[in-house]
Every structure is written in structure tokens, then in C-alpha cells.
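S.K.: Here it is, the structure in full.
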Amino acid sequence: MNAPEILNGAATASPADATEATQTAARAKTPLTRREQKEAYENNKLFKRLARQVGEAIVDFNMIENGDKVMVCLSGGKDSYAMLEILMRLRERAPINFDIVAVNLDQKQPGFPEHVLPEYLKQLDIPFHIENQDTYSIVKRLVPEGKTTCSLCSRLRRGILYRVAGELGATKIALGHHRDDILQTLLLNMFYGGKLKGMPPKLQSDDGKNIVIRPLAYVKETDLEKYAELREFPIIPCNLCGSQPNLKRAEMKALVRDWEKRFPGRIENMFNALSNVVPSHLMDHKLFPFAGLRATGEADPQGDIAFDEEPCSTDAAEGAMPGATKSISIVQFDDL
């Protein structure tokens, strides 16, 4: 996509006409109270921020191209609802043509409200497909009682969605993972997997046949929570299967939330670090040729300053005011 055009579209888009209070007042031709005006302003600002961030992610990673058919995976949770609505709004103003089809996988979990998503999608007047597959029975049969079923369930779901994408002729599969999901995955892999690995905004599927995109990659979960409350999405609970929660991921989520609250700027810096990788200062010899490294006798502006204190830019440092900079010593001579 063309960056200026789609981002301009994001800036001018607005939610389904802000809040109920705004709509009611407009119909009645009565002036808004100061509180209602403030709420309408904040809600509109929230949508513009979400649309801008989604537009930026699409542009930065070339997620959607002219002629694409994007299969939006709709689970019934706040993230996928918001993703679908924002993509629909951006499409109205995008400089390219692309189609959207919403897909939900009904896994036959007990108590799953089968009517909710079809009714909602019919109101949106958007093409959709409900795939009925009883993966619930398979998972319950194979996973011991009390164990987390999420891993097997996700593998089954992934295979089904890849197949459905092929049947529908989808060229991109859109998932609703957001910024916090990406950081939680990074921490999980570091703490429990021994890998410096996150969750990419765009990837080729493991079967080699699909391109998976995450348009919400730049979006904070707290913003999605506010937006879902504003839009009153018909949220479907994610615990219908009765599985035990993923305690490790819950731990990472709590950690990220705590850091963001207590140390303003820390989480944003962590997220920015994913886009500013320096392989020569890590330890993966597959990414950098340490074995063949030799002194050339010529100055290298990118060379290491091993005996100096390395300054950190802290424009968004913990507790710092925007625009402030401060040098933080991260290498002490006692450590050398």
C-alpha cells in the first residue's frame, strides 16, 4: 500500500459514529453536554489512533497488496472484532482494491452461542464463512483431564484455517494478535524456551502455502479493551472449552502490565527493540561471522566501544518526559 494515502485514510476514518450519547443527541437536535463532548472527542481520537497504527503496520510490512483477498479470522473476542472493523474502514479509503472475508471456526465447544457471529456479520453486510469442525471432542479425548488443551487445539485450528483459506481463494490470513501478544511471546521464548524469538507481523505459514499477517501488531491491548467497550462488540468467552489457563502466558501478561504501569516507556522501548536488532552484539554465530572477525587496522564507525560506557537513548525512557534524553551507563568497568 501507499503509505501517505492509507495513513491519511486512517486519520479521517471514524467509528460507527462515536458513542450512543452522540448519536442520541444528534437525532434529538439537542446540544451535547460538556461530558458527552469530551467522551465523543476521546472516542474519536481512540479510533483514529487504532486506524493509524493498523495502517502503519500494513504499510511497514506490505501486509496487503492490490487484488488481495484477506481472510479475517474472527474468534468472537475483542481483538478480532476490532481488526475486522478497522480493516473494513481502511478499505473504504485505501488506494488499492482488496476483498475481505470473515471466517469463524466453530469447534463445537459446549455452550458456544452459534447465532452470535452470523447475526453480527450479516449486519455488517460482509462475506463470511462459518467452518464447523468438532475439534473439541478430539482435544478432550487426547488431552488428560486438567491439562492445558490450548497447544493441541491451536494446531488443529491452524490446519483447518489454512485449508479453508485455500478453499476460499484467500491470499492473506489476518490474525488478531496485538503488541502485547508479541511482547509476551518474546518473554515466554526467552524465559522458558531459551530463544530470542517473538511473533512476526508477517510470515509464511509452516505449510508454505499461506501468508499470515497481524495488522494489530502496533496496537496496545488496553486500547483494544477500550474500543471493544465503546463499540459494545458481542464478545464470546474464550473459556468455554473448560481448559486450564496458560499460566506461563498469564504470568507474562501480568508482568508486561505491571511494567507498563510502574515504568512508563519501558514496554515501548522493549517493543521498539524488536525493530532495532544488532546481530554483532548478540551471540548467534549463525547471524554474525564471529569466527572470521579480524582487526583490519581501519577505523569502523560501527565498531564496538568495549571500554566505554555505552549511552542509551531514552526519549521514551522510564519515567522520562517526551523529548527528554539521558545517558544511562549499561557497562561498568568492574564487569570487564
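Glycine is treated like the rest: Cβ placed from N, Cα and C.
Summarising the annotation, Swiss-Prot assigns [4Fe-4S] cluster binding site to C150, C153, C241. Annotation comment: Swiss-Prot describes 10-22 as compositional bias 'Low complexity'. According to Swiss-Prot, the region 'Disordered' annotation covers 1-34. Marked as motif 'PP-loop motif' by Swiss-Prot on the basis of sequence analysis: 75-80.
What does the local environment look like for each feature on the list?
M.R.: The number of other Cβ atoms within 10 Å of the Cβ belonging to C150 ([4Fe-4S] cluster binding site), over all protein chains shown, comes to 18.
Among residues of the same chain six or more beyond the motif 'PP-loop motif' (75-80), those with a C-beta under 8 A of the stretch's C-beta atoms are 104, 116-117, 175-178, 216, 221, 224-225, 227-228, 233-236, 238.
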S.K.: Take the Cβ of C153 ([4Fe-4S] cluster binding site) and count every other Cβ within 10 Å, whichever protein chain it belongs to.
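M.R.: Result for C153 ([4Fe-4S] cluster binding site): 19 neighbouring Cβ atoms inside 10 Å.
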S.K.: Return the average pLDDT for the motif 'PP-loop motif' (75-80) as a whole number.
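M.R.: On average, pLDDT over the motif 'PP-loop motif' (75-80) sits at 95.
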